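Copied over from TrEMBL:
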- 50-69: transmembrane segment (TRANSMEM)
- 81-99: transmembrane segment (TRANSMEM)
- 167-184: transmembrane segment (TRANSMEM)
- 191-207: transmembrane segment (TRANSMEM)
- 227-248: transmembrane segment (TRANSMEM)
Amino acid sequence: KRLANMATGFLRVTKQYLPHLARLCLISTFLEDGIRMWFQWYEQRDYIEATWNCGYFLATCFVLLNLLGQLGGCVLILSRNFVQYACFGLFGIIALQVICSSEIYVLNLALGGGLLLLLAESRSEGKSMFAGVPSMGESSPKQYMQLGGRVLLVLMFMTLLHFDTSFFSILQNMVGTALIILVAVGFKTKLAALTLVVWLFAINVYFNAFWTVPAYKPMHDFLKYDFFQTMSVIGGLLLVVALGPGGVSMDEKKKEW
């Protein structure tokens, strides 16, 4: 109970800033990828051309589309302008990457879940993308977007699991899995999500400190990828903290009992 009271106090103080921080963390994967394409333009283009044998022009178009789509979408989301269109644009970038790679990765689905949560947040601010469409209730689409986002966050979290036999890895997996299940079903949602945010942030800074590794070493890129991937999970969880679990959750159902 004391922990719950501390969490409530924290949320009351940070309520105004939490959604901004959540959006920044959530889109950090797209932001980092777009910036990397800007600074590694020629390397990215040559890699696409050599890997897919698609020619200079198509490889250039692919890199340019990814760069503009990701950076443009991130700027719109952070500035809260045309958020829904930005989310749809990032959905398109994910779909394009899936089509071009011919594989569906767990991270692609999970990032889609994060974008669903962003759409739910924009709807909660009165920017409905379902205007004029009949629904079961005024906020029914928002509730199901929140549910879908929470479930897909589980997929995003699964990419962070480390399957080895060390005591700390086993403890990390057990604690994290228990908390993410609570978030998915919507039970003690804000407390579970906030606890998981603190847990993941501490682990992320300690284990994925890419800034301590020289940029020319391959480990730098691996750690950087894992760092921003984890930050996207944290961003999604912070949105859950800011928005709550929504109507389709155990927390909401308890109020009816």
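Including glycine, each Cβ sits where the backbone N, Cα and C put it.
Most Cβ pairs within less than 8 Å of the transmembrane segment (50-69), among stretches 81-99, 167-184, 191-207, 227-248, belong to 81-99. Counting only same-chain residues 6+ beyond the ends of the transmembrane segment (227-248), those with a CB under 8 A from a CB of the stretch are 11, 15, 18-19, 21-29, 32, 107, 110-111, 113-114, 117-118, 120-121, 124, 137, 139-140, 142-147, 149-150, 153, 156-157, 159-160, 183, 186, 189-190, 193-194, 196-197, 200-201, 203-204, 208-210.
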